[in-house]
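The annotation substrate binding site is assigned in Swiss-Prot to 95-97, 126-129, 136-138, Thr184, Ser316, 321-323. Look at Swiss-Prot and you will find His185 tagged as active site, proton donor/acceptor. Annotated active site per Swiss-Prot: Ser315, in sequence order. For Glu328, the entry in Swiss-Prot reads site 'Important for catalytic activity'.
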Amino acid sequence: MRQENDSLGIVLVPEDKLFGAQTGRSQEFFSYGKESMPLEIIHALVKIKKCAAKANGDLGCLDAKRRDMIVAATDEILSGEFDEHFPLKVWQTGSGTQSNMNVNEVIANLAIQRHGGELGSKHPVHPNDHVNKSQSSNDVFPTAMHIAAVQSIKGSLIPALEHLKKVIDAKALEFARDIKIGRTHLMDAVPMTLGQEFSGYSCQLHNCLERIGFSLTHLYELAIGGTAIGTGLNVPEGFVEKVIQYLRRETGEPFVPASNYFAALSNHDALVQAHGSLTVLACALVKIATDLSFLGSGPRCGLGEIFFPENEPGSSIMPGKINPTQSEALQMVCSQVIGNNQSIIFSGTKGNFELNVMKPVIIYDFLQSVNLLAGAMRSFADYFVCGLKVNKGQLQQNVERSLMLVTALAPVLGYDKCSKIALKAFHENLSLKEACVSLGFLSEKEFDEHVIPGLMVGNRGHE
C-alpha cells in the first residue's frame, strides 16, 4: 500500500494502482453493489480531459509540458490498457464526482510515473489544478454522458437495428406470395401475405430508426463550460469553443455547446427523451417477437405456420422440442429496457435547483439498454429471423378453412346474408361454399368466382 492524501488527510491505496485518495475513499464508503461505472463513461471522461488540456494549452492557461504530459497519459488510457484502474461503482454521489476524480487521479499519476516522478506527489501534474482545469464534475460528467450515449447509439444500436430491418426486408420479399389468414383480437380475419405481415414489422423498425435519429439532436449539446452551476465560473474566455472543437475532432461527432448551461446541468431531458425512443423500439421488438412465436407455435397443435431454426434442444425432459429461444431472450431484454425507462424517468425528475443528482444511474441504465438491445437484435436477426421457413401446407389449409373469406361476398350479398353463411358453416362444420349453396344464396360456380383468396390480399406491402 502507499499513502495518498486529499483535503481530509491520508488514504492508503494499493501500490500497483494509479488512482488516489478520493477514489480510495469512494471504495471505502460505497463498497456495495456490482454495477461498475461503464467504461464508455470512463473513456468519455478521459477524452474530455485530453481536449480540455489542449484547449487550456492553446489559451495559455496550461504550460506546454503539462499539456503534453496529460495528453500522452490520456492516449495511453484510451488504448484500454489501464481499465482496471477505474474500480468505482455507479452508486456514488449523484453528480459523478468520485468517477471524475478517479479519472483525474489516474491521468495525473500516469503522467507523473511516465516522467519518473513519485505517485501521489501531485507534481508536476495535479489532478485538480491541471487535469481538471477549467472544469467541474457538474459539467464534465453530463458532457461524458452525452458523448457516451451518442457514440453507443451510433456505434452499436443503429447498425444492429439496420441489420435486423435488412433481414426482415429480405424475409418480406421471400414470403411475398405466401397467402395466410390475418388475425385481429387473436381471431381469424381476412387473408394477407406473410410478406405483408413482415412489411409491417419493417415499417415499425424504420420508424424507430427515425425516432432514435431525431433524439440525437439534443444529445449533441454538451454541458462543458457550465462548471459548478451553469454560470461558467473559472472558465477562461474562448475555452468552450476550443474544447468543443477538439471534442468534435476526437469523437467525429457534431457536438455543440449547450444552448443553456443552467438547463444542461440541472436536467437530463435529452437522455429521458432518447431513452423513450429506445422504449418504443422495445415495444416494437416485443410485438414482432411475440407474433413470430405464435406463428410458429405447435408444431402440430398450434398455429404452425412457420418453422423455427433448430438452434438447440428446447427441453430437458421432452425430447425433440424446439423453442423460440431467441424470441424469448429478446423479450426479456425489452422488459429490462422498459424497466430502465421507468428508472430514467424518475431519475430525470431529480434536478434539484441547479443540479440533477442521479446522473450515474441515468447513464448506467441508458447504456445498458443500448448494449442489450444492440446485442439482442443482432442475435435475433442472425439466429432466428434468418432461419425462418414457411409451412406452406399449413398456411393453405388455414386459408381454406377460414370463415372470414366470406367478407369477399359482402359487396354481393350484403353483411346480413354473409353473417348467416359464416354462422351456419361454423355451427354445422361446413365449408363456406357448402353453407352458401345450402342457403340458396349462390351456386358453387358463383361462389368460386367471388371468393378468391389471392385477390383479397391487395398490393400493399409489396411495392
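Glycine residues also receive a Cβ, built from the backbone N, Cα and C atoms like all the rest.
On the backbone, the CA of Lys321 (substrate binding site) and the CA of Glu328 (site 'Important for catalytic activity') stand 15 Å apart. By a simple count of nearby Cβ atoms, those within 10 Å, the most crowded of the recorded positions His185, Lys321 is Lys321. Glu328 (site 'Important for catalytic activity') and Thr97 (substrate binding site) are 39 Å apart (CA-CA, integer value). Reduced to three states, the DSSP call for Thr97 (substrate binding site) is helix.
The Cβ neighbour count for Glu328 (site 'Important for catalytic activity'), using a 10 Å radius over every protein chain in view, is 13. When secondary structure is read from DSSP and collapsed to three states, Lys321 (substrate binding site) falls in the coil class. The C-beta environment of Asn323 (substrate binding site), restricted to residues of the same chain at least 6 apart in sequence and closer than 8 Å, consists of Phe308, Gly314, Ser315.
Sequence-distant contacts (6 or more apart, same chain, Cβ under 8 Å) of Ser95 (substrate binding site) comprise Ser137, Asn138, Phe141, Leu355, Val357, Lys359. Within 10 Å of the C-beta of Pro127 (substrate binding site) we count 26 further C-beta atoms, all protein chains included.
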